[in-house]
Amino acid sequence: MLLVLGRRVSLSFVKRVIPQDPVLLSKPILQNFRTIKFRVIHSSTVFAIATRQNTDTMPERRPFVRLPTDVYPVNYGLCLKPDLIDFTFEGKLEAIVEVNLATNQIVMNCADIDIITASFVPEGGEGEEINATGFNYQNEDEKVTLSFPSALQKGSGTLKIDFVGELNDKMKGFYRSKYATPAGEIRYAAVTQFEATDARRAFPCWDEPAIKATFDISLIVPKDRVALSNMNVIDRKPHPEDDSLLEVKFATTPIMSTYLVAFVIGEYDFVEGQSSDGVTVRVYTPTGKAEQGKFALEVAVKTLPFYNDYFNVPYPLPKIDLIAIADFAAGAMENWGLVTYRETALLIDPKNSCSSSRQWVALVVGHELAHQWFGNLVTMEWWTHLWLNEGFASWIEYLCVDHCFPDYDIWTQFVSADYTRALDLDALDNSHPIEVNVGHPSEVDEIFDAISYSKGASVIRMLHNYIGDEDFRKGMHSYLLKFQHKNAATEDLWECLEQASGKPIALVMSSWTKQMGFPIIVVDQEQQGDDRILKISQKKFCASGPHNGEDCPNWMVPISICTGEDPGCTKLKVLLDSPETTITINNVSPDQWVKINPGTVGFYRIQYSSAMLESLLPGIRNLTLLPVDRLGLQNDLFSLSRAGMISTVEVLKLMEAFVNEPNYTVWSDLSCNLGVLSSLLSHTDFHEEIQEFIRDLFTPIGLKLGWECKQGEGEPPGAGGHLDALLRGLVLGKLGKAGHKPTLEEARRRFKDHVEGKQILSADLRSPVYLTVLKHGDSATLDTMLKLHKQADMQEEKNRIERVLGAISAPDLIQKVLTFALSEDVRPQDTVSVIGGVAGSSKHGRKAAWKFVKDNWEELHNRYQGGFLISRLIKLSVDGFAIDKMAAEVKSFFESHHAPAAERTVQQCCENILLNAAWLKRDADDIHQYLLKRKAPPV
């Protein structure tokens with residue numbers, strides 16, 4: 001499953017992107033770095049509320065027991081008949097089961113389903129059919145116990161259950177999804193989302209990933225509807241009782257887990273292709289939009305053979321369908337052979353889709369198709385190992401996109417989108433280890449977070465680098481062969497990779513997956529003749545400052561080192577397996593710099609001595625450091641300033657050195673960090689000064705890029721064109737929001753032409769223009785934007801508008817946007833980004849959004865209960881506060897308004913608020929003085 005919108009992508013301008021008016025950069029800044037001092041602060045007093053707690057487990061865990069193993073399924077014969085008018089469904093289950101131990105009861109998972117009759121028929125017809133005499137529902141545990149009058153004897157038999165259920169509107173289980181026909185009529189499709197624990201809402205089952213079986217699925221559907229499931233259709237015949245219905249029968253699936261079963265009934269068009277290895281690929285789109293499936297089809301047709309070759313294991317099904325679902329909570333879901341997507345994660349309109357949408361679709365297709373092997377063919381034994389599924393797919397999606405679109409420079413983007421985001425979250429005291437023991441279903445949802453996905457992907461990237469590609473592939477191949485159609489745990493993968501590489505994989509990796517957090521590597525150097533001696537030590541990095549406790553954890557850290565002689569080439573690799581060590585690098589002249597972690601692959605922060613840092617800084621200005629390392633250096637220093645280890649002023653000085661920066665991703669990361677800072681300083685009376693800083697920093701690159709795409713950009717993106725388009729959107733949005741007058745005037749002119757139909761804005765310019773005119777707009781601007789939203793035929797355009805509406809400044813208009821968020825005009829999964837956009841735009845917006853969430857809590861919680869969208873909503877609404885008492889208010893609100901699936905998120909938010917408050921108290925005056933000083937005329 002791919003979560004959506006959580007990535008640290010500045011293009012969406014939600015949150016973290018807060019700018020205002022320009023001046024040109026001057027003053028060489030490198031000489032100022034002589035004075036960097038690393039401050040040690042004692043952080044034990046900062047946290048009044050978010051006390052240090054290593055939450056290896058969930059708070060107040062509910063008692064939980066997995067299903068008994070005395071009866072298990074071999075094959076599910078399942079027939080479902082959904083009613084698309086009354087939103088109910090009837091089901092018939094005939095499951096072939098194996099009784100291991102004689103028993104007079106069967107315990108299964110079941111939620112929101114009413115069982116009408118249940119019986120058991122022993123195999124071979126010797127025994128009579130035994131009717132169940134009682135159904136005992138344990139609603140809290142989502143289980144049902146079927147009781148039989150006599151013991152079911154050891155051996156095979158058939159369990160028959162007739163049941164009914166509701167096509168719910170909660171975007172989980174078997175649910176209804178609202179869409180409009182081309183003529184504008186509102187209709188509903190019946191669709192599924194079972195991961196993690198919601199197959200039990202569609203049929204009674206053994207809903208645990210390790211209890212695999214085969215499935216024979218039939219659907220009884222209106223004859224004018226498309227019916228799809230995991231496998232190909234093998235029979236279609238009129239329903240004997242009603243000739244307006246068809247009975248559609250699908251081929252038997254391979255042995256698989258319940259959470260990967262899927263069915264869709266609705267109205268769709270499709271485009272079809274075949275991969276070079278003979279698999280039929282279809283992309284299903286809303287009616288009349290088949291053309292918008294072509295880009296995803298092209299990606300999928302290239303991707304299947306890529307994985308086939310990479311894993312050296314063929315794709316095991318005859319077909320794969322990718323389908324766009326209107327109401328969909330996640331980004332996409334890897335159901336075996338029938339992958340479901342949000343419309344915005346699958347559909348691309350050649351004229352109206354922007355470059356970032358193409359890239360997003362390519363990544364999501366790459367992610368879900370990787371799961372067809374890693375997750376579906378070999379499945380985690382229990383949710384504790386979820387990270388292996390998601391971390392792996394979140395890593396290999398980049399490998400796949402790099403193969404399909406080498407001009408995307410996608411691995412540099414990984415560092416900004418996943419790696420730094422995971423470092424930020426994992427520095428909190430309320431983080432959690434990659435491997436979390438989970439039990440109760442309500443706990444499973446909470447581990448679908450940046451630790452499982454982004455930290456998981458980052459440590460796999462580090463592991464791949466440590467082992468080397470050839471041995472990594474060899475190990476992956478033997479893992480998939482050994483465990484195909486079975487289940488595996490993290491240790492099983494380590495064992496296969498260890499055998500392939502001869503390296504101590506389990507020992508190294510357990511330090512990264514079983515304990516939370518990561519180290520900060522502290523480096524100093526001295527020159528001895530022609531050799532450079534490095535003193536390297538590690539300690540746990542905490543967002544509140546370095547860990548100074550007694551029981552400091554250690555990691556097995558693969559460390560690479562490069563020098564100024566060849567920045568792209570690793571000169572030395574060592575495994576740091578102790579708290580400190582000394583390393584000698586031969587033949588390094590005194591004038592050469594030395595850098596740790598080239599490529600920014602190791603999952604750690606670095607604190608260089610002042611002299612080492614200073615020697616690296618010219619490499620930022622003259623671009624001799626690789627883009628990914630320029631990004632990493634800036635990101636580390638920003639993080640150290642938030643933790644109080646250096647002054648934020650030093651980071652601002654460093655940022656000014658990026659004036660010649662050409663790389664999109666480096667700017668993107670810089671932009672995110674300036675957005676965080678701008679959000680922090682919105683709590684002060686000198687917010688305008690940081691806007692001026694932003695204008696100064698972004699003006700030169702803005703002038704260089706201009707408004708029009710150059711030759712080679714645009715559709716289809718040429719080499720460099722894709723990244724230039726992303727950079728232009730980012731920079732213009734940043735300048736516009738920061739009130740850069742020429743940008744604002746040009747945005748208003750282009751917006752007017754766009755609305756009047758004189759000159760339609762290119763898709764890549766829409767977000768920055770919409771953002772700019774709204775930020776500095778009035779009620780007429782908002783009304784125009786809402787009208788564009790209503791007229792938009794494409795979900796991508798609707799989302800684009802929804803994400804920037806919050807930029808409006810007037811309090812009454814902010815209220816109007818919040819009310820709009822819960823209206824029928826916004827799809828349920830998108831409400832969150834509208835509210836988040838309001839909270840991320842201004843100090844007033846933040847307060848208004850939080851009040852709105854509190855006032856409408858019942859409706860919001862009811863809508864997203866249990867899912868990760870509730871966590872996302874809470875995070876977006878409150879993360880930006882920077883006053884101690886707000887942490888107390890947030891904590892107390894959620895003590896009286898329980899959100900079990902978001903408990904850890906609430907703790908993380910309270911911790912972030914306290915960290916922000918401490919940061920502001922510590923550095924606000926110094927930042928203010930610096931910003932004033934840079935404006936003052938030279939004496």
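Each residue, glycine too, has its Cβ placed from N, Cα and C.
What TrEMBL annotates here:
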| type | residues | note |
| --- | --- | --- |
| ACT_SITE | Glu368 | active site, proton acceptor |
| BINDING | His367, His371, Glu390 | Zn(2+) binding site |
| DOMAIN | 73-260 | domain 'Aminopeptidase N-like N-terminal' |
| DOMAIN | 295-512 | domain 'Peptidase M1 membrane alanine aminopeptidase' |
| DOMAIN | 593-913 | domain 'ERAP1-like C-terminal' |
| SITE | Tyr453 | site 'Transition state stabilizer' |
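Between the recorded positions Glu368, Glu390, Glu368 has the most other Cβ atoms inside 10 Å of its own Cβ, all protein chains included.
Counting only same-chain residues six or more apart in sequence, the Cβ atoms lying under 8 angstroms from the Cβ of His367 (Zn(2+) binding site) belong to Leu2, Ala332, Glu334, Ala393, Ser394, Ile396, Glu397. Taking Tyr453 (site 'Transition state stabilizer') as the reference point, the recorded positions whose C-alpha atoms are within 10 Å of its C-alpha, out of Glu368, His371, Glu390, are Glu390. In this structure, the CA atom of the residue listed as 'active site, proton acceptor' is 10 Å away from the CA atom of Glu390 (Zn(2+) binding site). Counting only same-chain residues six or more apart in sequence, the Cβ atoms lying under 8 angstroms from the Cβ of His371 (Zn(2+) binding site) belong to Glu334, Asn389, Ala393. Averaged over the domain 'ERAP1-like C-terminal' (593-913), the predicted model reaches a pLDDT of 93. Each of Met1, Leu2, Glu334, Glu368, Ala370, Phe374, Gly375, Asn389, Phe392, Ala393, Ser394, Glu397 belongs to the same chain as His367, His371, Glu390, is absent from that list, and has a C-beta within 8 angstroms of the C-beta centroid marking the Zn(2+) site. Within 10 Å of the C-beta of Tyr453 (site 'Transition state stabilizer') we count 28 further C-beta atoms, all protein chains included.
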